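Accompanying notes for the structure given below.
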Protein chains: 2
Amino acid sequence: MNPNSFQPPRRTLMGPGPSDISDRVLSALSRPTIGHLDPLFIGMMDEVKALLQYAFQTKNEMTLAISAPGSAGMEACFVNLLQPGDKVIVCRNGVFGSRMVENVQRCGGIAVTVDDPWGRAITPEKLEEALLKHPDSKFVAFVHAETSTGAKSDAKTLCAIAKAHNCLTIVDAVTSLGGIELKVDEWGIDAIYSGSQKCLSCVPGLSPVSFSPAAVEHIKQRTHKVQSWFLDQSLVMDYWAGEGKRSYHHTAPVNALYGLHEALVLLHNEGLEKAWARHQHMHQQLHEGLALLDIDFIVPKEERLPQLNAVHIPNNVNDAEVRNRLLAEYNLEIGAGLGELAGKAWRIGLMGYGARRENITLLLGALREIL
Amino acid sequence: MNPNSFQPPRRTLMGPGPSDISDRVLSALSRPTIGHLDPLFIGMMDEVKALLQYAFQTKNEMTLAISAPGSAGMEACFVNLLQPGDKVIVCRNGVFGSRMVENVQRCGGIAVTVDDPWGRAITPEKLEEALLKHPDSKFVAFVHAETSTGAKSDAKTLCAIAKAHNCLTIVDAVTSLGGIELKVDEWGIDAIYSGSQKCLSCVPGLSPVSFSPAAVEHIKQRTHKVQSWFLDQSLVMDYWAGEGKRSYHHTAPVNALYGLHEALVLLHNEGLEKAWARHQHMHQQLHEGLALLDIDFIVPKEERLPQLNAVHIPNNVNDAEVRNRLLAEYNLEIGAGLGELAGKAWRIGLMGYGARRENITLLLGALREIL
């Protein structure tokens, strides 16, 4: 073995994440590491918290970044809120809804699934029906932006229905945060998790989460210890929230948090509404370009995510060959289909820093040349 | 709110971690992000695996880095191996032994603790006694290098005793990997976890782990699903081990892994034995310098870790004031005492890239000026 430094090429990342990352964020990652209990670092963490509150549109005190990827953020929400025997309605319209079911079961909870077809939004009436049939449900869980299909669900309406049935809501915002409208407090979301590597355009590895006061109260009333020590938010909060003295829980991923801080500063400086509008505008441009190539979307127009465009692979086209050529000849990554859509769809991300005109033009040009 | 980029100062990190990081590793972090399923990235992951096998001195196929800090690595070992009702002997001589007990209990296991005083190695005879008293034990768990006290235990002997009683061994090597002799295969360690931010001198956020064939077999025979989806190694291995087709589990923390790769290349280029010897040599230099200042070690000589030096705070000296002055006036971080040793000890790290002459001279000079 004679290992050398790894020198990655510069790719244009238009898959389902990680997304294109600005040089400002990449450069922040390599700033000198300081201690995770250093007063200067703690000051930065306070800013990260405030910036996440802005991004999530929430005043929730319990707003922070889990020191692990989005799937750990998902798990953090479930293990902290659920206790054995708790019934959870899980709306499922793609891979990540199924993963929620896995999480419920591994916490000893009972998952009642409400299914919608892949590529479609969740049907609010089905949730209502399920809640009437299962009045002992304690939680409603759903994915706001299904990364596996590109479908957007109406989080505001789903949360209102859940509230009317006295359920706490657990929302997957991995792909939605920063890309489309999302208002945690206004919509009454109780627990929400996201990922750093989608519309925030930071490197993968961190999961922003937020818990409402009602969720925090629920956590405080637990009779069973949270099954994960690492994800036990009552312990983590002593580090994040502790004004004055912060107590040690685990060593925070210092440099990754530099990157998240920088990415959130960029989002704040642009402004949330402008970022949402930019994603929508770029999606429109991509849509027009793909139409000229006769490439159709999987998801009906009004249910489409601007940041994650799942499209039918044209007939007589070799899926893997096209993706491989885009990567090898154009340094351009798009995503394969996942789950039911494997081999049937491409997933084209326009996320965060990646949602810009030159990326779209490059992809359309490359597809014209290859197809 | 008018947030700006965060510009940390350059500190000298001589606490219990994160440790000083070389510019080569910092620079690797900011290389362009590529996809986690990109063939070039997968090639790099294969190298990370081989380099970790070297660092751990193992041929274990199941050797990888958990996408989260060392405490998640600890949890990964316990949740994958334990099933409800399993009895585990936990040798406890500091904070991290207690954390192992927490992990056992949260998995529904039964922890039998074997206690030694803080600041002392684990007593092999006590383990032997406990195993005779509890012949139904399935696992023996202990900390090789107690970060909270600076005590080194005899992992080889402890593992031999566990094997003689047909127990699998779970070893915390968070602070030992790369700093002192550690031979996973030769010593018969079945599950081991470490952290990126100690003697590997990478940024915090990743946890190298390795599982022996016997541990893997044990995982395959499970009848209960692993309670954590994120840490379920049977799923994670489909991503790390899959020759040819890698299946998606979670998005790997791409840039953090660039950093770990670079740190492991540096370790490989230096050579493990030379790295161990360097830590020992630097420890000796620190020891001589502290003796001139009448500063004594907590741990008896033969049980001391070279990389984590816990020392008594001199009489009539204000703990926090000295640490604050070191930080504010010298940009130099040392660690406070933890748990039983809070307010009584300083923890001086000489880890990885931080184990070098200029760091020791700076600390000794600063202490001379302050005390």
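Quick reminder: no glycine exception, Cβ is built from N, Cα and C everywhere.
According to TrEMBL, the feature substrate binding site maps to B:ARG347. A C-beta separation below 8 Å, combined with a sequence spacing of at least six in one chain, links B:ARG347 (substrate binding site) to B:GLY15, B:PRO16, B:THR147, B:SER148, B:GLY150, B:LEU308, B:ASN309, B:ALA310, B:ILE334, B:GLY335, B:ALA336, B:GLY337, B:LEU338.
The domain 'Aminotransferase class V' annotation in TrEMBL covers B:36-337.
Feature annotation from TrEMBL assigns N6-(pyridoxal phosphate)lysine to B:LYS198. The Cβ of B:LYS198 (N6-(pyridoxal phosphate)lysine) lies under 8 Å from the Cβ of B:PRO16, B:GLY17, B:SER19, B:THR147, B:VAL174, B:THR175, B:LEU177, B:GLY178, B:GLY179, B:GLN307, B:GLY349, B:MET351, B:GLY352, each of these being in the same chain and 6 or more residues away along the sequence.
The average pLDDT computed for the domain 'Aminotransferase class V' (B:36-337) is 96.
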